[in-house]
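Since the structure comes first, as structure tokens, the remarks are kept for the end.
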Amino acid sequence: MSTPENLLNSAEPVKIAVTGAAGNIAYSLLWRIAAGEVYGPNQPVQLNLLEIEQAEQAARGVAMELLDSAFPLVTDIKVTSEPREAFEDVSAAFLVGAQPRKKGMERADLLTANGAIFTEQGAALNDVARRTVRVLVVGNPANTNALIASSNAPDLAPQQFNALMRLDHNRTVSQLSAKLGIPVADFAQIAVWGNHSASQFPDISYATAQGKNVAELVDATWVQDYLIPTVAKRGAEIIEVRGSSSAASAASASIDHMRDWIHGIEDPAAWRTAGIYSDGSYGIEEGLFVGLPTRAVGGAWEVVTGLDVTDAQQERIQASVDELKAERDMVADLLK
Ligand code: NAX
């Protein structure tokens, strides 16, 4: 990976692809990218919008609205249904577009349907994206889709592909903040292990807030019976209450993730959760895309190593990793 500096504040626009451009998340995400929230307020950007053919016209409407917003940083907007056009020379790709689960569809059917999308997009990124491209997979099942895309991009490092787990991280922090009446910015050393699914493990064992040990500020029963299930099932709760799935919060987390990945975070206690390629840390099988405690340093994610993990934590982590392994086995024929 090159240093991020060579992409920052350059007069040349940075090309950024967003797939699922006519969808809900993109309708929020694109505006924040256009405002300079990923690469910074001095970096011009070109937006490449990818949609399926049936939704290409709607994506053109989105592009018209982006134009109408007169963002000073936006130099060009392209709309296409061709992955190779969308990913040409891009420095960042947000893979948001995915097939939703339809009535009667089994999880395996969903994995296969989306597998086809991420096989094609991984191969296209491999062929035409910048060699330093950063790819954030948002479309579900995000972790396994990241695995498929990366596996079909043999010339790119697997570390260039991430799955979005920052929304789970942000949800954990905000629940703690509401419970304790402490500002979100004062929390550190929080992580969500595993899969972006109900099996995930939001873990506050190491968390601190204003110099205090968070685990000592909250009741262990509240953590087990409220915090963990609330965060893990928050997506379903949003659908129930809002009537449609998380969109602006997912876009916001995507911005947080990509911005931190590119720019890094100075504070070593400022862990973030990213769904990254497992290097075997904590006994997690290498090669899966797993939510882990990470630091953003020098344009890359580093796993926070050396943490003591109790048997109870290990059990929860393993349950989620086992689900990831089962997902991987269901898409084995799509992996190279
Ligand atoms: P929408 O259904 O509103 O939009 C998805 C868009 O993707 C549609 O316009 C569709 O035409 C397009 N699309 C489908 N296949 C495509 C392809 N091959 N190439 C390009 N575009 C394609 O969904 P939205 O609410 O935007 O959510 C998008 C994805 O994010 C879903 O898979 C959703 O489950 C996932 N999420 C992931 C989250 C995470 O934290 N990782 C949280 C939010 C969200 O649930």
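Positions of Cβ are set from backbone N, Cα and C atoms, glycine also.
Curation does not apply to TrEMBL; its annotations are automatic.
From a predicted model like this one, the values you see are computed outputs, not experimental measurements.
Marked as domain 'Lactate/malate dehydrogenase N-terminal' by TrEMBL: 14-154. Taken from TrEMBL, the feature NAD(+) binding site applies to GLY20, ALA21, ALA22, GLY23, ASN24, ILE25, ALA26, ASN114, GLN121, VAL138, GLY139, ASN140. Residues or ranges marked as substrate binding site in TrEMBL: ARG101, ARG107, ASN140, ARG171. The domain 'Lactate/malate dehydrogenase C-terminal' annotation in TrEMBL covers 166-330. Annotated active site, proton acceptor per TrEMBL: HIS196, in sequence order.
Features recorded in TrEMBL, as mapped to the structure shown.
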{"residue": "GLY20", "record": "NAD(+) binding site", "contacts (Cβ under 8 Å, 6+ apart)": "ALA26, LEU50, GLU51, LEU95, VAL96, GLY97, ALA98, VAL138, GLY139"}
{"residue": "ALA22", "record": "NAD(+) binding site", "contacts (Cβ under 8 Å, 6+ apart)": "GLU51, ALA55, GLU56, ALA58, ALA59, GLY61, VAL62"}
{"residue": "ASN24", "record": "NAD(+) binding site", "contacts (Cβ under 8 Å, 6+ apart)": "SER244, SER245, ALA247"}
{"residue": "ARG101", "record": "substrate binding site", "contacts (Cβ under 8 Å, 6+ apart)": "ARG107, LEU110"}
{"residue": "GLN121", "record": "NAD(+) binding site", "contacts (Cβ under 8 Å, 6+ apart)": "THR19, PRO83, PHE87, LEU95, ALA149"}
{"residue": "ASN140", "record": "substrate binding site", "contacts (Cβ under 8 Å, 6+ apart)": "ALA98, LEU110, ASN114, HIS196"}
Neighbouring C-beta atoms (10 Å sphere around the C-beta of the residue listed as 'active site, proton acceptor'): 29
Composition by DSSP (helix, strand, coil) of residues within the domain 'Lactate/malate dehydrogenase N-terminal' (14-154): 63 helix, 27 strand, 51 coil
Among ARG107, ARG171 [binding-site residues], residue with fewest other Cβ within 10 Å: ARG107
Local confidence of the prediction over the domain 'Lactate/malate dehydrogenase C-terminal' (166-330), expressed as mean pLDDT: 96
Close-lying binding-site residues around ligand 1 among GLY20, ALA22, GLN121, ASN140, ARG171, where CB distance stays under 6 Å: GLY20, ALA22, ASN140
